[in-house]
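Data first, discussion second: the structure below is written as structure tokens.
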Amino acid sequence: MIIVTGGAGMIGSAFVWKLNEMGIKDILIVDKLRKEDKWLNIRKREYYDWIDKDNLKEWLVCKENADNIEAVIHMGACSATTETDADFLMDNNFGYTKFLWNFCAEKNIKYIYASSAATYGMGELGYNDDVSPEELQKLMPLNKYGYSKKFFDDWAFKQKNQPKQWNGLKFFNVYGPQEYHKGRMASMVFHTYNQYKENGYVKLFKSYKEGFKDGEQLRDFVYVKDVVDIMYFMLVNDVKSGIYNIGTGKARSFMDLSMATMRAASHNDNLDKNEVVKLIEMPEDLQGRYQYFTEAKINKLREIGYTKEMHSLEEGVKDYVQNYLAKEDSYL
């Protein structure tokens, strides 16, 4: 059996979809559904059982349950970069992740967990995952969420007792189906699509940094279908333990993303950006701490044998918009 924590969240439920696509149904989903619409992410999925995250430790005490686990895919976390309760973040993102690490080490099974590109902070030291643990330890996250993720990464490298294989995944800007419950934390594709459908245009921030035109701030946008394909590759192959960037390796601008989204939504490749993009002032409190560039170095991912071409921004956005956002049933 495979445990997927955060299994009703965006990446977790998309990974359950991927497992189902590969014929795997012996899955334990671990999550909290609460009052939001996360339950819709798993409505079409086939899996063995679901358990509340607060009850997993007790469930694993039973030897019959624990001995039946082949791997743990830990996508469960508080992923809100705006969360202010550091104790909650450390308990949820560090303590729980550590508990699952120790379980996988004891059982000698694979452990794949969600780190984050937020650990890189402003990117002063670059976005390179293929460096020593000592170099990774120098990273300076900008928020408590990023710190909670970095703290576990640093802890992991110090452990003598390790899972059979462990992979910490630094996700960059993931977009795609299953993110509808995330509200403000949903991707720019989701928000751009809804802005365009409602207003006929989108708003983008002006630039306050030399070398970047208005709306041309850059991010590494990666489609969730590519993300879960990489995760599946790591699950079924023996790959080197460690930290891996999960991105496309090619930064694109918010202008590119917005135009790709609106062109896909309108089925019109000739939209003029001057007519559908409104540039607005960036709030003053953001101007000094706004990231203008992120781009994953993915050489390390390629070196372990993952050679598939990922969706281009235009390909991924078109699939997401036309086959999901525009449909009555927008779920995988």
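Cβ atoms are placed via backbone N, Cα and C, with glycine included.
If you look up Swiss-Prot, you'll see 10-11, 31-32, Lys38, Lys53, 75-79, Asn92, Lys149, Val174, Lys182 marked as NADP(+) binding site, on the strength of sequence analysis. Lys38 (NADP(+) binding site): 22 other CB atoms within 10 A of its CB, across all protein chains.
According to DSSP, Tyr145 (active site, proton acceptor) is assigned to a helical segment. Marked as active site, proton acceptor by Swiss-Prot on the basis of sequence analysis: Tyr145 (among others).
For Tyr208 (substrate binding site), the same-chain residues that are 6 or more apart in sequence and have a Cβ closer than 8 Å to its Cβ are Met282, Gln287, Tyr290. As annotated by Swiss-Prot, substrate binding site applies to Asn173, Arg184, His191, Phe205, Lys206, Ser207, Tyr208, Arg219, Tyr290.
Sequence annotations record features per position, and here Swiss-Prot assigns active site, proton acceptor to Lys182 (among others) based on sequence analysis. Note: Lys182 (NADP(+) binding site) has non-local neighbours Met10, i.e. same-chain residues 6+ apart with C-beta under 8 A of its own C-beta.
Rounded to the nearest whole angstrom, the C-alpha distance between Lys149 (NADP(+) binding site) and Lys206 (substrate binding site) is 30. DSSP assigns Ala77 (NADP(+) binding site) to coil in the three-state reduction, outside any helix or strand. Calculated from their C-alpha atoms, the gap between Ala77 (NADP(+) binding site) and His191 (substrate binding site) amounts to 22 Å. Taking the recorded positions Tyr145, Tyr290 in turn, the residue surrounded by the fewest other Cβ atoms inside 10 Å of its Cβ turns out to be Tyr290. Note: the CA-CA distance between Asp31 (NADP(+) binding site) and Asn173 (substrate binding site) rounds to 22 Å.
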